[in-house]
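Enquirer: So Swiss-Prot lists these for the protein:
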SIGNAL    1-15  signal peptide
DOMAIN    16-81  domain 'X4e'
DISULFID  Cys23-Cys58  disulfide bond
DISULFID  Cys35-Cys67  disulfide bond
TRANSMEM  97-117  transmembrane segment
MOTIF     118-122  motif 'Di-lysine motif'
Amino acid sequence: MKIILFLTLIALASCELYHYQECVRGTTVLLKEPCPSGTYEGNSPFHPLADNKFALTCTSTHFAFACADGTRHTYQLRARSVSPKLFIRQEEVHQELYSPLFLIVAALVFITLCFTIKRKTE
């Protein structure tokens with residue numbers, strides 16, 4: 001128990017926060033700086049703007065900001081070739097076979113069948 005508490009304390013002390021953003025490839029993404037005096041760690045062009053904001057060209061990239069208080073904000077940009085909501089008609093939207101709701105129901109049915117078969121064999 002003490003080891004778990006110690007590991008939890010270490011994880012909280014490191015304070016690494018993750019931010020995920022999807023965007024359309026080739027556009028500019030406007031993000032807010034997590035801390036005003038942070039250090040930028042990344043290899044993509046970074047354009048600081050007013051009001052603690054910055055702009056990046058949307059490509060699949062990974063970068064981070066290290067704040068003065070030791071908190072590290074890690075950003076992951078995922079570029080799409082087109083917008084996911086663009087050109088989608090309502091009648092073309094269909095339910096996928098492996099949606100989370102379907103998988104939960106299938107798992108419950110499977111577990112119920114396993115216990116039913118086990119009781120019949122005993």
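The backbone N, Cα and C atoms fix where each Cβ goes, and this holds for glycine too.
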Enquirer: Summarise the domain 'X4e' (16-81) by DSSP state, stating how many residues are helix, strand and coil.
Expert: 0 helix, 40 strand, 26 coil
Enquirer: To see if you understand the setup: which same-chain residues, six or more apart in sequence, place their Cβ under 8 Å from that of Cys23 (disulfide bond)?
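Expert: Listed in sequence order: Val29, Cys58, Leu77, Arg78, Ala79, Arg80.
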Enquirer: For Cys67 (disulfide bond), which residues of its chain lie six or more apart in sequence with Cβ-Cβ distance below 8 Å?
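Expert: The list for Cys67 (disulfide bond) reads Pro34, Cys35, Ser37, Gly38, His73, given in order along the sequence.
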Enquirer: Please average pLDDT over the domain 'X4e' (16-81) for the predicted structure.
Expert: 79
Enquirer: Report, as a single number, how many Cβ atoms besides its own are within 10 Å of the Cβ of Cys58 (disulfide bond).
Expert: 19
